[in-house]
Protein chains: 2
Amino acid sequence: MTASQQQIQLARRPQGIPVHEDFRFETIPVPEPKQGEVLVKTLYVSVDPYMRGRMQDTKSYVEPFALDKALSGGVIAEVVSDGNHLKKGDIVIGNLSWQEFSAVSESALRKIDTSLAPASAYLGILGMTGLTAYFGLLDIGRPKEGETVVVSGAAGAVGSTVGQIAKIKGARVVGIAGSDEKIDYLKQELQFDEAINYKTADDIQKALQNACPDGVDVYFDNVGGPISDAVMNLLNEFARIPVCGAISSYNAESEADDMGPRVQSKLIKTKSLMQGFIVSDYSDRFSEGAKQLAEWLKAGKLHYEETITEGFENIPDAFLGLFKGENKGKQLIKVSDPS
Amino acid sequence: MTASQQQIQLARRPQGIPVHEDFRFETIPVPEPKQGEVLVKTLYVSVDPYMRGRMQDTKSYVEPFALDKALSGGVIAEVVSDGNHLKKGDIVIGNLSWQEFSAVSESALRKIDTSLAPASAYLGILGMTGLTAYFGLLDIGRPKEGETVVVSGAAGAVGSTVGQIAKIKGARVVGIAGSDEKIDYLKQELQFDEAINYKTADDIQKALQNACPDGVDVYFDNVGGPISDAVMNLLNEFARIPVCGAISSYNAESEADDMGPRVQSKLIKTKSLMQGFIVSDYSDRFSEGAKQLAEWLKAGKLHYEETITEGFENIPDAFLGLFKGENKGKQLIKVSDPS
């Protein structure tokens, strides 16, 4: 008898905000590794806002997820069958299906060093989210000492890293987030200079103005929507805007749901630059970024938070929570302990 | 008795689209040149859309015009009193007040060579408009051979030069303009690959799609507004958008008059760059640009049109006409003939 396991599939393409019915749990056999493959057991699964885009069947920077097929993303796993290079017990990272066990080509896995940082950090600060913050801020934002850097989604995995790197570079950092608990975290633990709760601010425009008396030189945009509209009114000359995420518009069903003041005249008046990017644009420089992030982490200059939800069955819930701002820092799901 | 002359002043800051009442004709004395100055007679005055911004009292890239003071801009003039370096009869260019005669420091004037091109060309293709096209397209747009370049305001002074430079660089060029006469001009005389009349197109989005079957790699934006909204839906990966003008929003009285689909998610999906600029950002490279433009002009690779309105008293009308799309190519006013 073959052992069976659970897999999570895309049951249908979400309309607006994703709901449970967009996901399907399917019972499938635990696969047999073929030549060149190893069997791995899923330990941690990463859920990320960008996945919402892949659920749509539209032109984007990554292939859309296929209907009735497994969803996939960043996963930390334990090797449970010896391969040519990888050995039983090795902890690895890869882009894997949302299922409990996978048979994967060894070349698609990278062994991680859990003596440097806990395994889960490799899905966050030392992984794609840390690198997203690193390259977006330093390559597009290019903050200079004394400049004002505003970051939205500031308590999220990317945003909190952006703010800390900006502080390392000597900038004045203003974060925007959606709860008083997050604001306290940004100001007390991460030493942001100012933090604004956009949900309780009477007037987000005025709150930003007060927090940025010298205007905005860099705006790291994780959210789009009305928050970004307000920041765009405070740009200094030659401001730089890395456009990393637009979580407020990912669930818009049509253009009519995502209307705002046009940016053209603001960009001209201030001679500013806005640039969309995705971390894979920088794949040839990942080792540079990962090395620097690990150094800062070891030196105690970078802190990170994880929200770890327990249980494979809770992956959809954890994903849906991203759109309600429920997570603080990187949202992960712990599927199992290493053997 | 001192000779008198006419000067045009800003009588009040326009609300929305400027009207005649925003201007005042004032009779003033013809000034006496002081030490280091020469007296010049105005030959041609340039009117440009960016001047609308200077009529507003808001933070922008140039100082606002002062109320009850002369308006000013690019002017071609004839020296009518000998100076230390400049001689009577020299034709010069400078940023001068809208009046018939000016006493100007010699260092604020540059002598032009009217054997290379007619004097008026120095206010257009060999002046700020040509340089705006040159640097915006080549420095921000960076078109590559075979790429699709879309330019709005394509029959205007900047737009028509942008399209021609893009053709020189081997790109496929699509222009957007507002009359059939302009469309004919772009396709027949300037050899644009496609041209769209946005005023008669049933569906600007579909018209653009048909004109750009391979998507858009560079969008040189002179207009903002709904035309730009439509182009933003056709961006290819790593598209570049020099944001040069937003004539459709210059007259907006508030943000509510200039709302459109937000660009953030489009920039992310395509990893595209939008950058506002003004030609003076490139002032240290003007001689490079002017030299190249003059070479192309001499080689017959660049054509330009001028709309020349006769008479000092018609300067406000010519300026107002810019916002009705009345001009083809550079709009100038001929004030007098050289002596």
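Each Cβ is built from the backbone N, Cα and C atoms, and glycine gets one as well.
Copied over from Swiss-Prot:
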- B:156-159, B:K182, B:Y198, B:N222, B:244-250, B:277-279, B:N327: NADP(+) binding site (BINDING)
Fill in the blank from the handout: Sparsest Cβ environment (other Cβ within 10 Å) among binding-site residues B:A246, B:I278 belongs to B:I278
Practice task
Based on Cβ atoms within 10 Å, give me the single least packed residue among the binding-site residues B:N222, B:S249.
Solution key: B:S249
Completion exercise
Most isolated by CB count within 10 A, of the binding-site residues B:G156, B:G159, is B:G159
Handout entry: Subset of binding-site residues B:G159, B:N222, B:A246, B:S249 within reach of chain A (CB-CB under 8 A)
Key = B:A246, B:S249
